[in-house]
Amino acid sequence: MMKKVFVIGMTAAVLMASTLAAATDVEDAIEYRQGVFNTIKWNFGPMAAMVKGKIDFDAAEFSRRADVVAVLAKLPREGFIEGSDVGETDARPEIWENKDDFDAGMDALAKNAAALADAAKSGDMDVIKPVFGELGKTCKGCHDDFRVED
Ligand code: HEC
């Protein structure tokens, strides 16, 4: 009798531990991708302000931020793990229903961010502006399809 209770207790404990582990993975993945996106935004903001002429264009600073974003742009994808459409997230379930479309958006993000880093090396706003515009469209396009509206 005792033994049976013990076995059932152990089984329940193991099941609970694995459920908790899965929940933690999902929470970590959500925090990870949101952290990366917020770090992208932190660097994107001053670049947008320079493109719009709201602050003075500083070619060196722009280039540094574009380099940072080019690295960051490759990172969010791995945070979109299976089952992470629940919890404290604005990710829509469509991401996992149309994974190919979503991944194409992630590819475009990495590609267009790399293109901006290249353009920024010119130090020429006329070269930078259209490339920046493309990157901005990539953000918006994916958010329209795959992120919950604010
Ligand atoms: C391929 C799709 C895709 C692209 C491209 C994309 N995002 Fe996102 N973004 C998302 C999704 C999905 C979320 C919601 C993540 C979540 O809440 O788990 C998000 C969330 C965010 C957030 C909010 C993070 C938070 O704390 O909730 C910011 C800021 C953001 N993105 C900025 C950007 C910027 C800037 C770009 C372009 C340089 C960009 N994103 C490009 C899909 C994308």
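Using the three backbone atoms N, Cα and C, a Cβ is placed for every residue, glycine included.
If you check TrEMBL, you get these features:
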- C139, C142, H143: heme c binding site (BINDING)
- 1-23: signal peptide (SIGNAL)
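Feature annotations (TrEMBL) mapped to structure.
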residue	record	Cβ within 10 Å
C139	heme c binding site	20
C142	heme c binding site	19
H143	heme c binding site	16
What kind of secondary structure is C142 (heme c binding site) part of, going by DSSP in three states?
helix
I want the residues beyond C139, C142, H143 whose C-beta is within 8 angstroms of the mean position of the heme c site's C-beta atoms, in chain order.
G105, T138, K140, G141, D144, D145, F146, R147
